[in-house]
């Protein structure tokens, strides 16, 4: 009498289920984005919703904060984007576009999720008001500070030497 254990189809089904069990975790892992990939997707969304003429591209990504392992939990992000030469209507990736000389720089902050299936982000960007010093300004200011400090040191030396000179009593 033949039992189900001896059935070749049961062995095949067991093998199929085993393989599915091994493949499914890999499929889930493949849906988790890296921190930078999630930020790049958020920038794509910013470009789609922007009313500006040109695309924006990642200029600087702040270090990744310590995060929990749940890809569905919103993760805090902060980064800087800069205007490119590519028009917003182009189908070109912003990463393939050069930065526009004197292009608008925006500071962006918010949250992203790393779960590719959810693909959610909440980002707001404002014009970056930080001044980027030109080398000429840097050297001029450094020279002024050094000059002031040098004058202060010379004055302190003069004051010290005046106190060393013996005073004559009249």
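Just so you know, glycine gets a Cβ as well, placed from its N, Cα and C.
When Swiss-Prot is compared with the stretches 137-149, 150-162, the one noted as region 'Active core' is 150-162. Between the alpha carbons (Cα) of residue 97 (disulfide bond) and residue 108 (disulfide bond) lies a span of roughly 19 Å. Taking Cβ-Cβ distances under 8 Å and a sequence separation of 6 or more, the neighbours of residue 86 (disulfide bond) in its chain are 54, 55, 92, 94, 96, 97. The secondary structure of residue 97 (disulfide bond), as reduced to three states from DSSP, is coil rather than helix or strand.
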